[in-house]
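Peer 1: Below you will find the structure I want to go over with you.
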Amino acid sequence: MANPFSRWFLSERPPNCHVADLETSLDPHQTLLKVQKYKPALSDWVHYIFLGSIMLFVFITNPAPWIFKILFYCFLGTLFIIPATSQFFFNALPILTWVALYFTSSYFPDDRRPPITVKVLPAVETILYGDNLSDILATSTNSFLDILAWLPYGLFHFGAPFVVAAILFVFGPPTVLQGYAFAFGYMNLFGVIMQNVFPAAPPWYKILYGLQSANYDMHGSPGGLARIDKLLGINMYTTAFSNSSVIFGAFPSLHSGCATMEALFFCYCFPKLKPLFIAYVCWLWWSTMYLTHHYFVDLMAGSVLSYVIFQYTKYTHLPIVDTSLFCRWSYTSIEKYDISKSDPLAADSNDIESVPLSNLELDFDLNMTDEPSVSPSLFDGSTSVSRSSATSITSLGVKRA
């Protein structure tokens, strides 16, 4: 009798198909052989050099003891070289790089950081949308709305990436999880870089300090999440946000970026549920403004960043989804997008411009001077009758016979 896993997930698996199989070997020699045969493209060189440079920067900048940093990097190297673990952790390199840079950001010297902007975001918000949407949404608060905003912002945001990864791994096509790790990691990595290059105060700062200048010695604030701490009798969010690694990281909103990226991947793999995923993103947008953690312009920037990275990932990394298949073990092959075929401006053999002139039928054009005109003309004498309207003939001064 088949076990539940085989009955549910392997029943559609084609015989002798190993597309969805996982690597179970613990022999590092196999990884070394793959590396020797690997021929990286230009994009691969850029990818690894960029991430490697940031990891080296973190290694030098982070104030942790050198022995701990060396041991940590050796541990990562071990995970990368063992086949059973490298298939997950090696593809998660953008995520690991983002996490390393994020937790190192608080140790950057203040004299080398750019000044914190306090007035730009509320000014842009007013110019684009006519008012400060965060202030409007946060004007009226109650316990029900607090809980409703806390769920996506304070709970789902931290657990959703793992849930989405698990669902994509089981019900998406093989290798889709690699694309998700690539896109999710790069979106957050670019977001943290932008937050460090362009530090901006969130709405809660304006509520507490007005428009006075900010400095890096200030502590963060949980904003509306302080009401959740009070409601639940805890001090979790107050402590976490007061000591955040990137206190002035309002722009772009990585809460919005993460929710948008998760929704984009779910819409890609499960298009029938697209309204549900869009509703989740809108729910999180509202919660971030209600809890005074972001302006609407921050949310738009985070979503645009996610969309751009997703589109690049879609055409360079993601497999094509077959919505008629149940799970990863139902696939018989992995197909990816061909950018040249998807380009609407690319030359096509079916285009009329691509057909040689020798293959065109030119009999009509060649015989135009030898045969009388089929269409009546004004200058064919009394036998010609114009096919245009009577008004146009009259305007030429020609009377009908």
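We number each residue from 1, going along the chain as drawn.
Glycine is treated like the rest: Cβ placed from N, Cα and C.
Since we're looking at a predicted model, the values are computed, not measured.
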Peer 1: From the list S333, S349, S395, pick out the residue that Swiss-Prot labels phosphoserine.
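Peer 2: When Swiss-Prot is consulted, phosphoserine appears for S395.
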Peer 1: Pick from N132, N243: which does Swiss-Prot describe as N-linked glycosylation site?
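Peer 2: Swiss-Prot annotates N-linked glycosylation site at N132; the rest carry no such entry.
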Peer 1: Report which of S11, S377, S388, S392 appears in Swiss-Prot with the annotation phosphoserine.
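Peer 2: Residue annotated phosphoserine in Swiss-Prot: S392.
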Peer 1: With the domain names in Swiss-Prot as our guide, do P152 and L231 land on the same side of the membrane?
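Peer 2: Swiss-Prot topology: P152, L231 on one side of the membrane.
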Peer 1: Hey, what's the Cβ neighbour count for N132 (N-linked glycosylation site) at 10 Å?
Peer 2: 19
Peer 1: Take a look at 65-85, 88-108, 156-176 and tell me which one has the most Cβ pairs under 8 Å to the transmembrane segment (246-266).
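Peer 2: The stretch with the most contacts is 156-176.
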Peer 1: Can you say which of 42-62, 65-85, 88-108, 269-289 has the most Cβ pairs under 8 Å with the transmembrane segment (156-176)?
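Peer 2: Per the Cβ under 8 Å count, 269-289.
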Peer 1: Take the transmembrane segment (269-289) and find every residue of the same chain, 6 or more past its ends, with a Cβ under 8 Å from one of its Cβ atoms.
Peer 2: 133-134, 137-138, 148-153, 156-157, 168, 171-173, 176, 203, 253, 255-256, 259-260, 262-263, 295-296, 298-299, 303, 321, 323
Peer 1: Near the transmembrane segment (88-108), which residues from the same chain, at least 6 beyond its ends, have a CB less than 8 A from one of its CBs?
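Peer 2: Distant contacts of the transmembrane segment (88-108): 51, 54-55, 57-58, 61-63, 76, 79-80, 177-178, 181-182, 184-186, 188-189, 192-193, 195-196, 244-246.
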